[in-house]
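> Here Swiss-Prot flags 8-28, 44-64, 76-96, 144-164, 184-204, 222-242, 289-309, 326-346, 352-372 as transmembrane segment, drawing on sequence analysis.
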């Protein structure tokens, strides 16, 4: 029994994170030098994301009996994303107004170092609905795969899947080749995931070594407020949605515990995207639903990022004594409903969207970003974890609503009684 525990990815990643924290705290300079380990692991994952999405979406769509179901799945997913992310934005807004973590700080924006956030404000200037939509269309298919742009690859994969489906029997050879290639790709993923503990160790050692635990204490009220809000959102909002759909949020979290630990170590929900595609299909969701919902959710269903954006914006207003009446806050909410859709599931994207939002709202000092620059990295974990759980729940909800969910398989997997699949899960172990 002990041997199996030590061999599990869950234990290995947890141990790696703990060792990384200790190294970063007691030997900060050495901890900072571990950064390449975390970066290298994330780059390996990003290397494989584009082909995984392409294969999953193409085989999922091409293998469907009716094309109408694809359009229905997409429409249901987008509607769900909009409703739940709006709830997340409102919850963040309500909590930050009640707790007021920035009240009493009385900071003069002119004394803040705006140069520290210049790189984010520059990137934020490129944010906007039209540029975002235009960016979804790749200049070339090769460019989409080379850059690893999730939405560009998704767009091409959907079009390719539709075209392959229309070929019917003539396209069977191509379908079989892509399906076989998909199995090879997931074999590569299993190899990469063996390095997950090393990546989590390096990323955590760097974070603690560079920013220090002291940074957490300085603005601890905002961090604590944000983490508690994320927990409440997961168990109250997502938990209620899960219960209404027919499964337990607690069992689902246990089911993806290894992925959650990897995200905790790397601060990027994108680092487990390939594994989530595999696990959501294993839990009973049709491949076509998984292939559409998960990749799209990485831009349109970022619940943790939505909570962070409203809380951070109002915190800056409170700390700098920038008055925000109810109309200002409604304006902020409307702007975030659009700008939050441009955030990807990668570290730092939420900060860029926040910079864009402050610029768009106008009366909030963009220089106020310097206040949370030091602690943004520590809030990134909660954002990524909430985003991951949110996308997983969304996939099951959409699959059930579209009648593309095997509920018996869902119950068996979440209860741990599906022996055949559990036996196959050593891909995530040893």
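For all residues, glycine too, the Cβ spot is worked out from N, Cα and C.
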> Quick one: find which recorded stretch in 76-96, 144-164, 184-204, 289-309 has the most Cβ pairs under 8 Å with the transmembrane segment (44-64).
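Of the candidates 76-96, 144-164, 184-204, 289-309, 144-164 scores highest.
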> In the same chain, which residue numbers or ranges, 6 or more beyond the ends of the transmembrane segment (184-204), come under 8 angstroms Cβ to Cβ?
9, 12-13, 15-17, 19-21, 23-24, 34-42, 44-45, 48, 51-52, 55, 261-262, 264-267, 271, 274-275, 278, 427-428, 430
> With pairs closer than 6 in sequence left out, are the transmembrane segment (289-309) and the transmembrane segment (144-164) joined by 3 or more CB pairs under 8 Å?
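Yes, the stretches contact each other.
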> Restricting to CB pairs under 8 Å, which listed stretch, 8-28, 76-96, 289-309, is in contact most with the transmembrane segment (222-242)?
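Against the transmembrane segment (222-242), the leading stretch is 76-96.
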> Under 8 angstroms for C-beta pairs, at least 3 of them, ignoring pairs fewer than 6 apart in sequence. Is the transmembrane segment (76-96) in contact with the transmembrane segment (289-309) by that rule?
yes
